[in-house]
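Colleague: Take a look at the following structure, please.
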Amino acid sequence: MRFTATAAALVASSIPATLGQHVRDLSNEKWTLSSDALNHTVPGNLPSHAHLDLLKAGVIDDPYHGLNDFNLRWIPESNWTYTTDKIKDLMPIEFCGKYVASTNNQYRQYSFDVSQILEGCNEDPILKIDFGSAPNIVNAIAEDRNSPVWPDGIQQTYEYPNRWFMRKEQSDFGWDWGPAFAPAGPWKPAYIVQLPKAQNIHVLNTDLDIYRKGQINHLPPDQSQPWVVNASIDFVGSLPPNPSMSIEFKDTKSGEILTSKRIGNVTVSGNSVTGVTVLGGVTPKLWWPLGLGDQNLYNITVTVTGHQNQTLAHVTKRTGFRTIFLNQRNITDAQLAQGIAPGANWHFEVNGHEFYAKGSNIIPPDAFWPRVTEARMARLFDAVVAGNQNMLRVWSSGIYLHDFIYDLADERGILLWSEFEFSDALYPVDDAFLDNIAAEVVYNVRRVNHHPSLALWAGGNEIESLMLPTVERKAPEEYAKYVGEYEKLYISLILPLVYQNTRSITYSPSSTTEGYLDVDLSAPVPMVERYHNTTPGSYYGDTDFYNYDSSVSFNSHVYPVGRFANEFGYHSMPSLQTWQQAVDPEDLHFNSTTVMLRNHHYPAGGTFTDNFHNTSLGMGEMTIAVQRYYPIPNKLDSVANFSAWCHATQLFQADMYKSEIQFYRRGSGMPERQLGSLYWQLEDIWQAPSWAGIEYGGRWKVLHYVSRDIYQRIIVSPFWNYTTGDLDLYVTSDLWESAKGKVNLTWLDLSGTPLPHNAGTPGSVPFNVGALNTTKIYSTNIKNLTLPNPKDAILVLSLSGEGHLPNSDKKTTFTHQNHFTPVFPKDLALVDPGLELSYNTKSKTFTVEAKSGVSLYTWLDYPADVVGYFDENAFVLLPGQKKEIGFTVQEDNTDGKWVQGVTVQSLWNQTLEK
């Protein structure tokens, strides 16, 4: 008999049993949770965390409430034991007084053979899984004289220190957007597997690699070559000599069989059986990211057989046919001739096509993964699709995402840039640590390789772009040493492991790099990074940019010019409704102790519970930004004033992201040939100030609505140099063919009256924008305009054009609206727009009308206990204009009564006392 488990959480393969196997899901057993910190036991669950079981038992309040991240520190600082008994033939980590094994990596899959222990067990078996205190363990490792010590000021501690010594979710120890619960417990399922004595196997993991013949990870695949399928199964048990393998591909929609054949070149190495076949003469329908084509998927069944065609293993996975390639090659002569600046590329190509990556960074959606459900993630990914995003960067260090999350991405066409779990720190490079990492890398690369949504493997977060420069600045005499350690871990160890287990995915050693100079897989350091070997006037790599000086937030000259933007942003407050989920009514004001201490920007840097100095800096950044650009809320009711301030911080955040995204998208037609914008960050882990566009629970901030608008296929954008007064209008398109149309320019005062002679600008301007490109359609200077009062003026830009979507012969009409004001919003001579809101019970849509003036930042809001999003929000509405808006309900706990609580406001409301 065999007991299969993954990491300290005891996760195991969930492949069904065959040929007399008996697989027992330990999630169905009765568990108890105990600790010296308690004087009694409570019911436990698997999977679970100690916090969740203590909450369910009524021992603690909601960990997310108030300052419970501080109040409940006794939980992560204690040891916990999960126990189950009265199960015959059960094999524990500690069983019948016998030690079975210890695990030290949350990210690995473990299996333990306990047959001999079972044979000698003369009592009722008890399975006991002990979880030590993660903060205490890493501190003990740090104090060991044999542990590495890094120069002062290098390692980034957010709350609990020394996280880099443990292969556990790094944000469990705290981050600048989340709490430090450091939870303990069996966070994934576990199983008991009993195999017959005859030759038999149980599948642990499956690697399905689908690529073009001759494809190599860092080189562009030849799209004319046939597809190759490499199927590899990891197992426990024993295979007979000379096993056979076969595959079958079946269309998930039609059920039509694409191909069914035996695989040749079957080899058995250790506990893996592998076969490779070329799909000659087979033309599958391709899988495309969102907006570029259909998400065609196939079920692939791999069967392993022995003598007399006896089935030994049978695995079915859902997959798709696509190539995805990160192009970091040098700029070619042909590109130079097109006006692209010299240097190196840094963009993605899918099925041989360049495309613009539009998206954000996803962080852990909860501090406690066992309560993250497929339905919850489906709602989040539906919001990603609704937000016109085709790529998410899966930030490290959270976890390697569950397969069901990749499944959701496969279905929706969301590319997942994935990373190994290292972030903002230097890590050990001793042999034991590297061996542990090697097993982690191999398991996870093989596990998710069949998903067409998988876009990239990156070595870690900001290691090359932040950590190495920090060493160079603070400990220059040790810079060479730590560059060597960086290359030892991320290039000499991880890169070959990736290449050995997939040919379909590119690897980059860090999330942000200047790219590579050379790749030689036979060299001790197989990838030579560029580092400082750059040439002025040339562009390389991707950018990671933050600037919390809000005085330059709308100055595009401070934005980095690069080939791809993988991180940028600014924090804001969540809405009142979200705060009310976690904060008592008396704490609902901007500078309350609870609100301030839930803000972890800037982090405490230790286990301090009085981080008022650092958090006040982050709160101050939001406050100053609002004061610089927007009407300052001053409502008589304290809760209403708090809500207005929260909303104001979201307005600034959204406008700043809009400015930066427009700049990056315009770069697609500039010398830098910029082809990607992934802002920080998609969603929240809890209710607190952060960079998120979607709050904990699913409510959209202003940011997600605005990014959805500016991520449309064809957009018109104003670029204003407020120092010189220059105003340029650009049209940007991410279509694969040219598009043409016109942009209407309409100058109005804020009462909605057209300005005489349209303020000296033409009423409309034609455009013809190239494929994946941008074009300037108009240029002027504010001084040349005939504006009676710049504070009482708005330019409304309305685009209408035609073009073809990628992989479509149908001509499509595209529209987009934008606006420009000659002064910042706080200086505008606002008027009451006289907003009216109605609801049509038949069409289930809302109608908003402005009766008396221009409505800026028109904002529809909905009450608590419902989750969803409006078709449009944060828009400009002109007098007499009616806009019909639908609402997508994702979750409703009000029995439809939420409709009665929908409200509408505009920037004008931010100036009112009530």
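Using the three backbone atoms N, Cα and C, a Cβ is placed for every residue, glycine included.
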Colleague: According to Swiss-Prot, N-linked glycosylation site sits on which of N533, N721?
Modeller: N721
Colleague: Out of N230, N330, N614, N641, N784, point to the one nearest N299 (N-linked glycosylation site) in space (Cα versus Cα); all of them are glycosylation sites in the record.
Modeller: N230
Colleague: Calculate the distance in Å between the alpha carbons (Cα) of N265 (N-linked glycosylation site) and N230 (N-linked glycosylation site), and round it to a whole number.
Modeller: 10
Colleague: For N784 (N-linked glycosylation site), write down the residues of its own chain that are at least 6 apart in sequence and whose Cβ falls under 8 Å from its Cβ; none is a fine answer.
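Modeller: Sequence-distant Cβ neighbours: G760.
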Colleague: Could you state the whole-number distance in Å separating the C-alpha atoms of N641 (N-linked glycosylation site) and N309 (N-linked glycosylation site)?
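Modeller: The separation of the Cα atoms works out to 74 Å.
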Colleague: Where does N591 (N-linked glycosylation site) sit in DSSP terms: helix, strand, or coil?
Modeller: coil
Colleague: Let me know the DSSP-derived helix, strand or coil state of N614 (N-linked glycosylation site), please.
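Modeller: Note: N614 (N-linked glycosylation site) is helical by DSSP.
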Colleague: E462 (active site, proton donor): which of the glycosylation sites N79, N591, N614, N744 is the nearest Cα neighbour?
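Modeller: Looking at Cα distances from E462 (active site, proton donor), the smallest one goes to N614.
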Colleague: With N773 (N-linked glycosylation site) as the reference Cα, tell me which of the glycosylation sites N79, N230, N309, N591, N614 is the closest one.
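Modeller: Closest recorded candidate to N773 (N-linked glycosylation site) by Cα: N230.
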Colleague: Going by C-alpha distance, which of the glycosylation sites N79, N230, N309, N591, N614 is nearest to N744 (N-linked glycosylation site)?
Modeller: N591
Colleague: With H, G and I counted as helix, E and B as strand and the rest as coil, say where DSSP puts E462 (active site, proton donor).
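Modeller: E462 (active site, proton donor) sits in coil per DSSP, no helix or strand.
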Colleague: Could you state the whole-number distance in Å separating the C-alpha atoms of N330 (N-linked glycosylation site) and N230 (N-linked glycosylation site)?
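Modeller: That separation, Cα to Cα, works out to 30 Å.
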